[in-house]
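Notes follow once the structure below has been shown.
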Ligand code: MF3
Ligand code: CO
Ligand code: CO
């Protein structure tokens, strides 16, 4: 079932989205060579708690930490660790999902650590552009598969692999609600988009194959099958009468 949010739920989602964006902005200057992903996790958790909120990932289906931190060939759901120390040339996606007054804001960005290789900079820039191209399809009367079609038409000619195993999702009181939002061409019609829906657009884009592996031991970390690098950006988006509103805007 796809929830259509009412006025008061939308207001709460605006607050949750705004806090998620503020949290990611707060983390940004700490992303530097020498910092561990556990330190970034702890900075995020402290900031969230200090504002009276909590982190949706912590304990979600057994996830052990407060944010996801995904370096280089890690596609998503990387678990923060003291051994994972950022170095010059890395890229890292930080995905934050705070719970504010019962509602969840979900947003992520891929950051450069120092100076990236030119093709890595291109990957990250193309991934962010792909997210925006997907978001630009959002309006009442369109269908969610059209988001995937537009992203696929932009990325596939450039030779990238678009992750198929994980998709965008409805979000609200629950971390993951219907509908699923594909970032690739599925070749069939999916749910109609209606005003009052809230969902994420969060393409995961690989330099090489779209195929991924799930870590056998920790059951969370998703890596590219070929070891090439992967980038991701994510916003939480409200469908309005005219189109969309970004709930996790950075400004
Ligand atoms: N924030 C992720 C998403 O965009 C979900 C992470 S689930 C977790 O859907 F348990 F790994 F945190
Ligand atoms: Co999400
Ligand atoms: Co997320």
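Heads up, the Cβ atoms here are built off N, Cα and C, so glycines get one too.
Within 106, 218, 251, the residue that TrEMBL lists together with 95, 234 for binding divalent metal cation 1 is 106.
Site annotation (TrEMBL, ligand divalent metal cation 2) includes 106, 169, 234; from 39, 45, 202, the additional listed residue is 202. Among the binding-site residues 77, 95, 106, the residues whose Cβ sits under 6 Å from any atom of ligand 2 are 106. Counting only same-chain residues at least 6 apart in sequence, those with a Cβ under 8 Å from the Cβ of residue 176 (substrate binding site) are 169, 170.
Sequence-distant neighbours of residue 234 (divalent metal cation 1 binding site) (same chain, six or more apart, CB under 8 Å from its CB) are 95, 106, 107, 108, 109, 131, 168, 200, 201, 202, 248, listed in sequence order.
With a cut-off of 6 Å between Cβ and the nearest atom of ligand 3, the binding-site residues 77, 169, 176 reduce to an empty set. Mean model confidence of the domain 'Peptidase M24' (11-241) amounts to 98 (pLDDT, 0 to 100 scale).
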